[in-house]
Amino acid sequence: MPSGFQQIGSDDGEPPRQRVTGTLVLAVFSAVLGSLQFGYNIGVINAPQKVIEQSYNATWLGRQGPGGPDSIPQGTLTTLWALSVAIFSVGGMISSFLIGIISQWLGRKRAMLANNVLAVLGGALMGLANAAASYEILILGRFLIGAYSGLTSGLVPMYVGEIAPTHLRGALGTLNQLAIVIGILVAQVLGLESMLGTATLWPLLLALTVLPALLQLILLPFCPESPRYLYIIRNLEGPARKSLKRLTGWADVSDALAELKDEKRKLERERPMSLLQLLGSRTHRQPLIIAVVLQLSQQLSGINAVFYYSTSIFESAGVGQPAYATIGAGVVNTVFTLVSVLLVERAGRRTLHLLGLAGMCGCAILMTVALLLLERVPAMSYVSIVAIFGFVAFFEIGPGPIPWFIVAELFSQGPRPAAMAVAGFSNWTCNFIVGMGFQYVADAMGPYVFLLFAVLLLGFFIFTFLKVPETRGRTFDQISAAFRRTPSLLEQEVKPSTELEYLGPDEND
């Protein structure tokens with residue numbers, strides 16, 4: 001089998017690894033600008049919560065007229081705020097179903113370009129909401145930016161995974177998550193009262209998401225389309241060859257094109273799949289279950305509960321400056337994503353995911369103990385900060401970055417878009433459930449709420465240990481072929497997953 005455009009043959013017979021070209025860097029950077037916006041809009045709603053609620057109150061009172069109540073009912077305000085947070089996920093849930101259709105119709109690059117229409121509209125609506133005295137406009141803007149993020153969550157990993165060299169696919173795939181966490185951190189810093197988190201400037205804070213959208217619109221036209229899409233899906237050999245030359249920096253891409261031809265021949269029996277075809281396929285049942293459970297492990301870990309409500313969590317823990325503690329969590333978030341970038345090709349996807357889940361489970365238990373003892377032991381406020389920081393750090397080691405790009409690795413070209421849609425919908429559905437329901441569950445369970453996440457994390461750890469294979473260093477064709485040789489998840493005996501069991505020996509061994 002040709003070693004692929006990830007490794008291009010040399011005269012001495014030893015296939016050198018593809019170098020990192022300027023075009024590859026530009027393409028990855030331009031793509032992950034979408035992920036930056038995704039993260040920004042996760043974090044931007046947190047710090048200015050109080051001033052936005054004051055705006056909601058003023059808007060509501062203005063509609064009541066003279067002789068009305070003095071303030072908005074607390075239940076109404078809680079519902080409006082929860083809706084403002086969770087509607088973002090509703091937009092993502094709906095648009096994630098369109099990932100496969102749009103990516104096949106427009107191509108990966110043009111789909112990302114067209115998606116920016118939603119970002120510009122959503123940002124503009126959120127920026128104008130206060131001037132229009134309408135929380136409905138803000139909620140609509142959050143819905144549109146959520147729809148943008150839903151498409152981004154599938155399009156970016158798909159594009160980056162298809163243009164990345166095999167030996168860098170994990171590291172470059174992790175940059176998607178790095179951009180998300182940088183976006184969260186930027187939003188948290190700009191949301192401080194000393195920055196844009198004020199009663200007059202918060203609309204600008206929400207509208208700033210337009211800037212990376214405009215930058216992406218400028219840069220993406222200079223980037224190549226995915227050569228896998230061009231050749232395997234569109235059968236355009238000339239444009240695919242040109243794209244390969246730009247990405248690899250090699251004048252002769254015959255070996256690279258040979259791999260695509262070989263993959264295309266094998267996929268002639270595996271045409272692009274619809275959602276219904278994928279869901280009914282026995283061949284793809286096992287990787288689909290793994291993909292969905294990995295997405296659930298990310299969202300039901302409790303991480304978005306921490307990000308959405310981190311300020312209020314730190315307040316309940318007795319932290320004097322909760323907004324700054326939240327930013328500290330954002331810094332930890334970013335630093336440990338960088339750690340994951342460095343480790344993912346050395347330690348492997350499965351190992352990092354297991355480590356992250358185990359660490360998060362321990363931190364969730366520690367957080368529960370700290371919150372329970374807070375009234376009797378004031379120093380527990382510092383323990384709670386350490387627990388949250390540890391929770392975030394372990395998330396970014398594994399459950400944060402791994403699920404997004406491993407879906408693209410588990411599937412061949414035919415079912416990949418539909419699989420990304422299923423995985424994306426699963427992720428966004430859980431995001432919505434956590435965003436809408438966490439505050440109510442936290443009110444009911446108090447400090448014990450993170451024990452619920454600890455139990456879920458333990459379950460995901462067991463599943464990953466038993467069923468998730470290692471994909472490091474494998475081509476897409478090798479991974480999909482291994483699943484075709486392996487019995488369905490429902491038919492296997494329960495035993496630990498190993499790289500050798502699923503993927504066979506390393507071709508270099």
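Cβ from N, Cα, C; glycine included.
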Recorded membrane side (Swiss-Prot) equal for G107 and V344: yes
Listed as N-linked glycosylation site by Swiss-Prot, one of N57, N427: N57
Annotation match for phosphoserine in Swiss-Prot, from S71, S488: S488
Stretch-level contact, the transmembrane segment (142-162) and the transmembrane segment (417-437), CB cutoff 8 A, at least 3 pairs: yes
Nearest of the binding-site residues (Q298, Q299, N333, E396) to N57 (N-linked glycosylation site) - Cα to Cα: Q299
The transmembrane segment (287-307) and the transmembrane segment (81-101) contact flag, 3+ Cβ pairs under 8 angstroms: no
Among Q299, N304, the one of these binding-site residues whose Cβ has the fewest neighbouring Cβ atoms within 10 Å: N304
Check: same-chain CB within 8 A of D-glucose site center, minus Q177, Q298, Q299, N304, N333, E396, W404: I180, V181, I303, F395, P399, G400, P401, P403
Using Cα positions only, nearest of the recorded positions to S274 (phosphoserine) (C223, E396, W404): W404
Secondary structure tally of the topological domain 'Cytoplasmic' (222-286) (DSSP, helix then strand then coil): 41 helix, 0 strand, 24 coil
